[in-house]
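Peer 1: Got a structure for you, questions after.
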């Protein structure tokens, strides 16, 4: 019944066709392995041919020309067919009704190919029709897959099973669909060109997670053991949905680091590594690594990995910190300022982590310790004590560095308390000491004689000395007339530098202080002499004890009188020298 339904339209057409050699067979037909297939066939021949011996038919495989000896699939005159078709073929059409339909059972993939029909009407009326039917023997069902499957877009997959075997009709099931979101199924039956196909369509919306998942179509024939399956892996295209990079990192200056990026997308993206807005490298892959060698502080910053696969763009950034010790601080140059002025000292450096900045003056802490790359030290109304070396020290856990500057505070001269006149053996000695910056110039003025004594006047043993910012001047007055009637001296000291000058009257130290010094010196000298004599006796007494038996020692000395007297003489001479030296020293003390 199935074949007749397919042939009825053709028979209606044939009635209207003028008599000639024609055949109507499906150009393409398919079947599953180990099942059967019916190739519908209707032929025509010229109406003028008289049939004396009936109609015979032959089916060839591969070639339409007998002279090429193609394999015989079926032949009505004899059972001799190609060995691969023995017991497999049967003509189910009536040739007298011009129906040449062929049944092939238990077919295999080797039976795939072109089939030609040849009509034998007797005598010379033999004709091979050039039209053919292409048989495709399938070992698994076909699945119609779109060229592109895009995530979040509706997808239809259709599974096809041939239904060209009247003995069995297929059934279709989809496999591995449990993970699909809300799948829908529809079935359809298509009959075209005298062939039939059963189809089942699966509809769902894929997600990126479905990429690489398996789906299957199963075709089975009830009441048989024939089962056919086809598995496919979903190739779901989706934009980058994650970009993984290293976490932010800290590395030492001069070391190396590798930044790694992985992008989840399909197809693989074009990965770009950017530093700021400058591209460092790119590659079309699922991951890319950026290697940085011999790192410098200039390479610290934000690194961004960008993934772009044509379906979307995604990026992720990280921060790379380059650790290094502080650089040598930059400070003001050395300064010279006037007393009472105010200045700001600035120190700047770079380091990672941020260094602490400390200001030191001559090694002592001044100001506050600052955790920053810039520190300002305010020095207000500087005094001479502000003069010195200022150092800015920068420190972090990786090292330290420092820079220094000198501040010179200039000020008017100041007379020091050590300035005075004293009585000495030669007369009167006057000393004038002053500090200032620049160092003061010292001059003495004797108003009684209207004389100015400086380094150009050598009459009064003028002496001057400068040590740093301190100047010392000294003169000696030998004449009594240079004293005033009340026992004082009339000496003035003048001190001057760029910023000012002053004159002071020098006080004379009292005479009784001088006499007391002489008395104390004399008593001290006598005490020293007494101490020396006692020490000599004590040493002699100890020597006798250390020499053992004094009697025997005396005998030995008497046996050598020259040695004995020379020893005594030497001891006396040494003692005399010590006493003389002490007396001379005592005379020096008295003189003072």
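Note that Cβ sites are derived from N, Cα and C of the backbone, with glycine treated the same way.
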Peer 1: Among the residue ranges 468-490, 491-513, 514-536, I'd like the one that TrEMBL describes as transmembrane segment.
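Peer 2: Spelled out, TrEMBL records transmembrane segment over residues 514-536, not the other listed ranges.
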Peer 1: Could you give me the DSSP helix, strand and coil counts for the domain 'Ig-like' (325-408)?
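Peer 2: Going by DSSP assignments, the domain 'Ig-like' (325-408) contains 3 helix, 52 strand, 29 coil.
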Peer 1: Using DSSP, what is the helix/strand/coil residue split across the domain 'Ig-like' (130-233)?
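Peer 2: Its residues fall into 3 helix, 57 strand, 44 coil.
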Peer 1: What mean pLDDT does the predicted model reach across the domain 'Ig-like' (130-233)?
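Peer 2: Over the domain 'Ig-like' (130-233), the predicted model scores a mean pLDDT of 93.
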Peer 1: Counting by DSSP, what is the helix, strand and coil composition of the domain 'Ig-like' (240-321)?
Peer 2: 3 helix, 56 strand, 23 coil
